[in-house]
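**Student:** In case it helps, Swiss-Prot gives these features for our protein:
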DOMAIN    1-70  domain 'Disintegrin'
DISULFID  C4-C19  disulfide bond
DISULFID  C6-C14  disulfide bond
DISULFID  C13-C36  disulfide bond
DISULFID  C27-C33  disulfide bond
DISULFID  C32-C57  disulfide bond
DISULFID  C45-C64  disulfide bond
Amino acid sequence: GEECDCGSPSNPCCDAATCKLRPGAQCADGLCCDQCRFKKKRTICRIARGDFPDDRCTGQSADCPRWNGL
């Protein structure tokens, strides 16, 4: 299956021909992806809203998880 979006041949993290991450890349896009690497754990990826605290990267994924109250 696809590891990344093949739509843009200019993405330095994704091989547009195969839809696979390029060698050494952890991710191609996402709020917790920076220059083909996962952002460090606890990096803020979404600013606090109302009573909810900031959402932070896990260091293991390009996705920005919603705060779960734990």
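Here the Cβ of each residue, glycine as well, is placed from N, Cα and C on the backbone.
It should be emphasised that the depicted structure is a prediction, and the values quoted were computed from it without experimental measurement.
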**Student:** Compare the C-alpha of C36 (disulfide bond) with the C-alpha of each of the disulfide-bonded residues C6, C14, C45, C57, and give the closest one.
**Tutor:** C14
**Student:** Restricting to the same chain and to sequence separations of six or more, state which residues have a Cβ under 8 Å from that of C45 (disulfide bond).
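**Tutor:** Once residues fewer than 6 apart are set aside, C45 (disulfide bond) is near L31, C32, K39, D55, R56, C57, C64.
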**Student:** Could you work out which of the disulfide-bonded residues (C13, C19) has its C-beta surrounded by the smallest number of other C-beta atoms within 10 A?
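**Tutor:** Comparing Cβ neighbours within 10 Å for the disulfide-bonded residues C13, C19, C19 has the fewest.
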**Student:** Determine, from DSSP, whether C32 (disulfide bond) sits in helix, strand or coil.
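**Tutor:** Coil, per DSSP.
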**Student:** With a 10 Å radius around each C-beta, find which of these disulfide-bonded residues (C4, C32) has the fewest other C-beta atoms nearby.
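**Tutor:** Comparing Cβ neighbours within 10 Å for the disulfide-bonded residues C4, C32, C4 has the fewest.
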**Student:** At the level of the C-alpha atoms, what whole-angstrom distance separates C13 (disulfide bond) and C19 (disulfide bond)?
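**Tutor:** Cα of C13 (disulfide bond) to Cα of C19 (disulfide bond) measures 10 Å after rounding.
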**Student:** How many Å lie between the Cα of C19 (disulfide bond) and the Cα of C27 (disulfide bond)?
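**Tutor:** Here the two Cα atoms are 12 Å apart.
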